[in-house]
Structures are given as structure tokens and as C-alpha cells.
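Before I ask anything, let me first share the structure, which is written out below as C-alpha cells.
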Amino acid sequence: MAPSTPLLTVRGSEGLYMVNGPPHFTESTVLPRESGRNCKVYTFSKDGTLFAWSNGEKVNIINVANKGLLHSFDLPKAVCLEFSPNNTVLATWQPYTTSKDGTAGTPNLQLYDMKTGACLKSFIQKKMQNWCPSWSDDEIICARNVNNEVHFFENNNFNTIANKLHLQKVNDFNLSPGTQPYKVAVYVPGSKGAPSFVRLYQYPNFAGPQAALANKSFFKADKVTMLWNKKATAVLVIASTEVDKTGASYYGEQTLHYIATNGESAVVQLPKNGPIYDVVWNSSSTEFCAVYGFMPAKATVFNLKCDPVFDFGTGPRNAAFYSPHGHILVLAGFGNLRGQMEVWDVKNYKLISKPVASDSTYFAWCPDGEHILTATCAPRLRVNNGYKIWHYTGSLLHKYDVPSNGELWQVSWQPFLDGIFPAKTIKYQAVPSEVPSEEPKVATAYRPPALRNKPVTNSKLHEEEPPQNMKPHPGSDKPLSKTALKNQRKHEAKKAAKQEARSDAAPTPVPQSAPRNTVTQSASGDPEVDKKIKNLKKKLKAIEQLKEQAAAGKQLEKNQLEKIQKETALLQELEDLELGV
């Protein structure tokens, strides 16, 4: 029988230990405290029944229910651990090393049988990135990326490769959640003028030009993040470039793409320019939330047609977290932001609370869907380390501060399978707490002596937008429907066009002091130059259409790709002509 709340595991300079969840927060006897700084890594199994950790000498595995030691492996350098979904296999990874004479190193990725303790297979895995094999939820298939192709194993038989997915230089892949039919998303970066692409396949149908379930191509991508929804019906792809050629952002440029297993794909249109900070699926698999745009960032919920469902307006935020049941959404600003959180009821789109977890670097929902963990961990921040447990209504239930000379490296909840904790009715009143709530200190702006005796003017650097259903609509208490909003915009556009036509028909007289060589936007005065400008604009429009076709997945001809490569030169030529250079 599951405990009332999951355990908390804490790893830091004080050692490795477990804490009972709310309401007690006492140290648990499940794991005797491992003192010292030698613990490098720990992990729970997916259902929370097994716990493994490395203490710098051995990797130990215990049964959480009876506290019994199951296995102990002599792996002093292990820094990564992960259980397979059904607790059949433990994967361990150690840094890859070669001998001094230059001979190849020994295999550093081990797969252990949890029943017998025997090593099923060892592989050489040089990179820590994507080190762990990916299993389907029923463990029927398991996949690894080996030398730019994906190898598939069946029924945990790692001595025989059951299938291979070979494309030109597969950079990354993502196995779908759930059981049969199994699907896999693969990413191939672009090269030699060809676009990057993400393709979806159904295992084991990889052969032939029509084998892919869906395909999405894009030019602006140095790396991608692929996110399956829970029902494995669609993937969200965040495509990122390392450098933003427009100079708008230091952190490169991001675009968000939607790809469904039925072949549909789309570019998700984000109303505000700027970085994409976070994208998360709701557990219902019918909608997703994106946090994006230059600060203050916007947050919007989209449906499967990529249409916006609800706009949360703007605010100091860079992360989004749905509760395990999908009925609550937390929008937060962590890292270099102050730690403000907004807790929303996403069924009614109603704000529940706005707690502040200052200096937080970590956030996690408790599997019960009621409690929240925030923490300040090293090495991200080496001062004021500690963790806090909140109720989603905004009450701070527990707080632990690490001593000033100590550090907190990791803290997390014990996981549980879906359905163990039923969804409860949402409360809006803050639950009682014995921990006093911390009022964040508001930093006052510097005021020069001459202004100190005068009233403070309330001015903001940015005007924050309210959520969509809070925007005032004249003559109506309810927000306008999508159709009504569209008609209103059309009417406003017509009105603006009429006013523009009138102003063109009756231009205002130019003052005598105005310079005579002012160039109008429509003409340069030289018919030959105007003709060149018109032709250049025509070519640029054709290039834009080709780019849209490529983004939609169409295979372009060689001469069409060459046209796209000429875009920069054409833009420069157009700019020179318009400036009269």
C-alpha cells in the first residue's frame, strides 16, 4: 500500500538521506544516512519501489518497502544510474577512459539484471549526453543511438540487434511513451544547403520512401528538443540556432513546430518575438503551454490545431509546470528571475495563488498533485542553499536551510505510477501552515536628494499585459469570441485603410524648411531604379515562398536551393538601391 505522501531524497555536503513527506517532514528510516560528500548520484525506479545510489565505492540498490539491500555492484566511478520502466534492468554509466598507451578503453555502460544481479551487456558509450538506452513502457523494445544510426533490441536481449534505423547522420531520437504501436521521432541536422528534418516512424517500418508517418523540415536548426505527448499522437519540436543572425538575441533563435503521427504538421505561431523558454504538454495530450518572448515573457495554451486557447498575458517567467493530473499549471520565473510563481486552475483559467520562492533553481510537483518542491542548489547557486515544500494554494508548509558552510546538490520526490493518487477538487483558500510566510523584500529604487521630498511617480519599464479573459471589452462583460474578434480586427483594418486613403488624397503641405531630397517609399524618381527594385522584390517574394515550401516538407530542386542562398545578396542590393547608393 502506498504511503500517504512520497518521500523526499536529499543529497548534499551533509550526505545522502531521506525525509518523510507532508505533514511530518522527519528523517526517514528507509535509508540510513550516508555521511560525507562521496555520493555522486541516486535514482528511483519509475514506480518508486527501488532506490539506487553510488557512494564513491559501490552502487547499492534497496527495496524501499522492506528496506532490504537487493544488490551491490563494485562501480566506484559511476556517475549516472537509471532503471528500466518495469525495474528489470539497471543501467550504469562511468566516464570513458583510454589507457596511457592509447589502446581502446573498456566498456563503460553496463546493464544489470535486477533479478540475478548479473551483467547482461556492456557497451562503449563515450559521451555522457543521451548515454542511457530508451525503453518502451512495456520493455518489449529498447533503442540506442550508435554511430548516427538507431539500434533496436527486443525483450532485453542485448546480444542481438533486432532492427536498425539508418538515415544520413541521425543526431538524436526520442522513443514514444506507452506501449504498442511503438513510434520513434528522429532528428537529422541539415548539411550542404539541405534543411534539417524530424521524421516520425512506427516500429519496425523503417524501409522505403513512404515509411515515415510524418516529416517536418526546417532551415533554422543547430539542435532540436523533441517532446512527445502522453498518448504518443504528436511531437512538439523546439528548433534552436546557436546564433541569431538578426542580432535580436544573444541566445540564438528558436522556432516551435508541431508534428502529428497522422501526417499533419505546422509551425506554431507565437505572437511575441524572442526566445522560447519552455514548452510542456498537458497530461491530457490535448493541449500544451509555451512560455516565450522577450521579458516580460508571454505564456499561452494551444490546442492540437495550434490555435491559442488562453493567453496568460506577460510577466517575469521562464518555466511552466503542469500538475500530474493536468488540472493545475504553474508559471514561474527561476534562475536569473526572482522566483515568482503563478498557480492557475486550467479548467476555469482562474488564478489560485502567487507564492514567491526566491533564488530557486529547481521545481518539482509531488506525485499527489497537491504539494510543490522548490530548491536552491549548488553549483547553480552556492549561497542560501535549501529546499521548501509548498501547498499549491500558496502556503509554505516546510523549509530547510543548509548550514552556511554547506551545499545542497540534489533533492527530489519519490515517484509513483499514475492513478495511485486520485485528483482532488481544487481549493482556492490557502491551507493553514505553522511556517510563517516570507514577505519578499522589495528593493527601493535610488532617488537623488532633490527628488526625495517629492511624491513618487509610478512608472514601469514594461507594460505587462493581463490574461486574455481579464482584458476589458467595451460594451460587453464577456470576452469576445474568436469570430467576433476576427470581425472586429477586420473592421478596424478597413477603417485604418480609409483614413490612410484620405490622407494620401489630401497630403499636408510640406514646410519650407523641410529638405527637398526626401525620398518617398514608393518611388526613387528614376524609372530604371524603380524597375530594378520591383524585380528584386519579386525575386525575394519567390524565395520566401520556396522557404515556406521547404519548411512544409517539400523536397526542393538544386536550382531552388541556390535561389534561397542568394537571399542575403538580394536584400543588400535592394537596400542599396532604396538608399540611392
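Every residue, even glycine, has its Cβ placed from backbone N, Cα and C.
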Under Swiss-Prot, the annotation coiled coil belongs to which of these stretches: 423-474, 527-578?
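Of the candidate stretches, Swiss-Prot labels 527-578 as coiled coil.
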List the helix, strand and coil residue totals of the repeat 'WD 1' (23-63) as derived from DSSP.
0 helix, 16 strand, 25 coil
Sequence-remote contacts (6 or more beyond its ends) of the repeat 'WD 1' (23-63), Cβ cut-off under 8 Å?
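For the repeat 'WD 1' (23-63), the sequence-distant neighbours (Cβ-Cβ under 8 Å, at least 6 residues beyond its ends) are 6-7, 9, 11, 13-17, 69-76, 78-83, 85, 87, 90, 92, 114, 367, 389, 397-398, 410, 412, 414-417.
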List every residue in the same chain as Thr5 (phosphothreonine), at least 6 positions away in sequence, whose Cβ is under 8 Å from its Cβ.
Asn20, Gly21, Pro22, Cys366, Asp368, His371
Check Thr5 (phosphothreonine) against DSSP and tell me helix, strand or coil, would you?
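In the DSSP reduction, Thr5 (phosphothreonine) maps to coil.
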